[in-house]
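Taken verbatim from TrEMBL:
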{"type": "BINDING", "residues": "SER94, GLU184, HIS212", "note": "Mg(2+) binding site"}
{"type": "BINDING", "residues": "ARG327, ASP353", "note": "ATP binding site"}
Amino acid sequence: MTDFKIAIERINSLQTNASLLEKLRKAGPRANELSLPEMRDYFKRIGYEVKTFDKLNVIHVTGTKGKGSTSAITQSILRNCSDEKPIRTGLFTSPHLISVRERIRINGEPVSEELFAKYSNEVWDRLESTKEEALIKAGLSEKDLKASLRDQRQHPDKPIYFRYLTLVAFHTFIQEKVDVAILEVGVGGEYDSTNVVERPVVCGITALGLDHVGVLGHTIDKIAWHKAGIIKNHVPAIAFEQLPEAMQVIEERAKEKEAPLQVLHARDIDALKDVEIGLAGVHQKYNALTAIALCKIWLKHCRQIELTETVPAGFRKGLANVKWPGRGQQLCATETKYASQIPNPRDVTWYLDGAHTLESLQVCVDWFRQVAKDKKDIKDVSRILVFNTSNGRDGPNLLQVISKIQSFVGFDHVIFTTNMTYREGDSADNTNYTVSMADVLSMQALLAESWVKQVPSFNAENVHVVGSLEEATEWIVDYAKSAPETKKVQILATGSLIMVGNTLTVLGITPQ
C-alpha cells in the first residue's frame, strides 16, 4: 500500500459513522466553547503553539455563500499580482470535489500525493506518539454523555475528520513556508477549528444565510454571531452587506474587538463592469469585491504596498484566471471519459453547481435561466436535472427553487440520486461513513414525490431515482446516444457539493 493510500485510510477512519452521529444528535448540543482549547491541545501534540501561525500572514474567510469562491479569488489575485516578487500562497478549503488533496493548495494547485502523504502521516505519527498521555488525560477529566459517546470513535485520542485536516493544512503551510495562508472556515466561525489563529492579517465575511441551523441557530442574527467570531482584536475586517439584523451583530462584534470594519455593497459591482472574472454569475462579482478588499489590506500590511484604485491593474490577471471547479462550472462531454460513447459529444454539456442553500440555489437557477435564454428554441434542446440533497436539509423546500423555473427552462427528465459515486461505493478520497444508504435513498424518493406535486403537469414516468452517480451518468449517456443529431442535451447537476464532486469523478475529471 502506498503512503498516500495509508494517509487516506487513516483520515477516513476519523469520520464519525452514521449510527454514532445519530446518538450524538440525541444527546443534545455539546459545549462548543471546548472546541478551540481541544484544537490548541492537538496542535501542541504535533509540536506547535498557535502563536507560531502568526508567521503564516493569515487571511481568514467565513460566510454562508461564497466563502470558498472568495478564498479562491483572493488566492488567485495574490498569486498573480507580482512578477518581481511572487507571493507563495497556501489555501485551505472544504469540501473537496474529487481528491482530499484539493483542500490544501500551494500556489493554487492541490498538493501532490507525495506531499499530502508526507505531511498527513507526520501529523498522524506525532499524535500516535502522544496517544497514551491523551487517553489518560481524557479518562481523568469529568465526563458527560456527549464526551462518552465521542470516545466510542475508532480513534478517540484524535480529532474528527475536518479538524484533523486542519492540523495537516497548518503543518503543510508551515513546512512549505508560504507567504500567506488563506483559510476558509468550515462551519460557523467562533468555534471552528481554523479559528485557533490569533493574529490574522485580515478577516472577511461573505453573504450570510440560513445554513447549518442545527449547529449555529435558526435565526440570521445567531448565525451572524458565529460567523463574526473570526473577528480579532484590532484586526481589520471586511463584511459584505447583510440583512440589517445580521449587519447589526457583525458591527457590534467588531466594535467589541475594536476591529476596523469595512462594509461592501452590492451597488459597488459597477466598478467591475469592464473587468473579466474567471467565474460565472453576478454573485461572483460580489465575491470578487470582497477578495479585492482583502488583498489590498494584506498587501499594505505584508508588502507595504498601498493601492488606491478600486480595481488595481495588477489584480486583473488573477481575477481573469481564477478557477473554482463545481461552482457555476460548464463541462462539455468532449472533456469527459464518455466522449467516445456519445455520437455528438460537443452537443452534450453538464452545468455543475454545488449550491445547497435556498440563497445559493437561487443564484444557480438564475445562472441556468441565462443558459436557457441563450437557447430560446426549446425544441432544439433537451434538459435534464440531476439533484441531490442530504437528510439534514429541507429537500422539498430547496427543490422548489428549481421547480419554479420549470415553465421557463423545461426539464424533460429529472434524476434524483444519492451522492454515492459508484454502484459498488465511493472512491477512497470520497468515502463517507456519516450517512446510511437507507436514509439517503429515502430522501431521494421523497424528492421525487415532491417534484411531481410541485410540477403537476410533469410526466411522472420521466422522474427517476437512482442509487449512485455512476447510474445517473450512464442513464444520461444512453439518453444522449439516442438523441437526434439536431438536439443539444444540457444537464444541470446541483443541490450538493459532494454530489457535484462525485459526478466529476464519474466523468473522469482529474483533481483541479
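Just so it is clear, glycine is given a Cβ too, placed from its N, Cα and C backbone atoms.
Cα-Cα distance from ARG327 (ATP binding site) to SER94 (Mg(2+) binding site): 13 Å (rounded to the nearest whole number).
Taking only the Cα positions, the spacing between GLU184 (Mg(2+) binding site) and ASP353 (ATP binding site) is 19 angstrom. Contacts of SER94 (Mg(2+) binding site) defined by a Cβ separation under 8 A and a same-chain sequence distance of 6+ are given as GLY68, ARG103, PHE162, LEU165, GLU184, GLY186, in order along the sequence.
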